[in-house]
Amino acid sequence: FNRTGSSPLTFILTGIPGLSMSSYWTALPFCCLYLLMLLGNCTLLWMIKTDHSLHTPMYYFLSMLAMADLGLSLSTLPTMLAIFWFESTSLHFEACIVQMYFIHSFSVIESGVLVAMAFDRFVAICYPLHYASVLMSSLIMKAGGAIFMRGICVVLPAAILIKKMTFCGSHVLSHSFCLHQDVLRLVCGDVRVNSLYGLTAVLFTKGLDSLTILLSYTMIIRAILNIVSQEARAKAFSTCISHLCAVLIFYIPLIGLSIIHRFGKHLPPLTHTLLADAYLLVPPVLNPLVYSWKTKQIRRRILILLCRR
């Protein structure tokens, strides 16, 4: 089954194994998650844009995180709705490659934003007197541009390489959306170059990012422990809790999904599906909730808006 035949190559997406796709009770939770994601991230972006007290480096990076979350969720939205609302499981090869590209690009962008936010907390706690002079608007704009360009460029070769592949045999994917490692599984032929590039890209983006975040927090913890006042320690650490939650929410499902893709072929399909859904859907939903709950300025702004209503 390849692209040289009379009909275009079409993949078959998988819903949730063991659950009927025709049930609206299956579709309803996903719709609620997407609505909550849109509401939370759009509200964050609106508040940061309209409230001048939030025009600081920390909230500029938070707005980048919200944009990455929106992009990541909207990349999966078309196929998820098509499967669970309209029971349409077929997806053309070109559309699958485009979706795969955007999913992985926004995932790399989100990882880069989390590194930038870790650097922001590192400077704020370890070098508070130099915070304003280091994190100037020009540096934030350059960092944001570099993060987005890295996400756009690093995934492009993977999409080009897989577009040239020939597919035969089964054309059923394991998820409700297209992921690189899942599409690569259906290629008939030598995939060593594709696999090597995919592994290298992951190591030099998310692998390097996670090590950078770990190093940043090692130095942050050392700086906090050197603070004499217990109250000042607690206050310094509280400014990092939201970011730490965002890091854990993003990296734990990512690491779990990578492990079961490599070593968990014997696990039931439901495990793969739920972990992939958690990796792509949970961070965009929880990040706005975490920052709204743990960040005093955002919480106060929300309370003011509610009181006005």
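Residue positions begin at 1 at the first shown residue.
Glycine is no exception: its Cβ is also placed from the backbone N, Cα and C atoms.
Just so it is clear, the model here is predicted, and its values are computed rather than measured.
Feature annotation from TrEMBL assigns transmembrane segment to 27-48 (among others). Among residues of the same chain six or more beyond the transmembrane segment (27-48), those with a C-beta under 8 A of the stretch's C-beta atoms are 54-55, 59-60, 62-63, 66-67, 69-70, 73, 77, 80-81, 84-85, 281, 284-285, 287-289, 291-292, 298, 301-302.
The annotation domain 'G-protein coupled receptors family 1 profile' is assigned in TrEMBL to 40-291.
For 60-86 (among others), the entry in TrEMBL reads transmembrane segment.
As annotated by TrEMBL, transmembrane segment applies to 98-119 (among others).
Within the chain, the transmembrane segment (139-162) has long-range Cβ neighbours (under 8 A, six or more residues past its boundaries) at 57, 60-61, 64, 97, 100-101, 104-109, 112-113, 116, 180, 183-184, 187, 193-194, 197-198, 201, 204-205. Positions annotated as transmembrane segment by TrEMBL: 139-162 (among others).
Positions annotated as transmembrane segment by TrEMBL: 240-260 (among others).
Under the heading transmembrane segment, TrEMBL lists 272-291 (among others). If you look at the transmembrane segment (272-291), the same-chain residues 6 or more away from its ends with a CB under 8 A from one of its CBs are 14, 16-17, 30, 33, 36-37, 40-41, 43-44, 62, 65-66, 69-70, 72-73, 76, 103, 107, 110, 174-177, 179, 242, 245-246, 249-250, 253-254, 256-257, 260-261, 264, 298.
Mean per-residue pLDDT, taken over the domain 'G-protein coupled receptors family 1 profile' (40-291), amounts to 89. Packing against the transmembrane segment (98-119) from elsewhere in the chain are residues 58, 61-62, 64-65, 68-69, 71-72, 75-76, 78-79, 91, 143-144, 146-148, 150-152, 154-156, 158-159, 162, 177-180, 183, 205-206, 209-210, 212-213, 216-217, 243, 246-247, 250, 254, 280, 283: each is 6 or more residues past its ends and has a CB under 8 Å from a CB in it.
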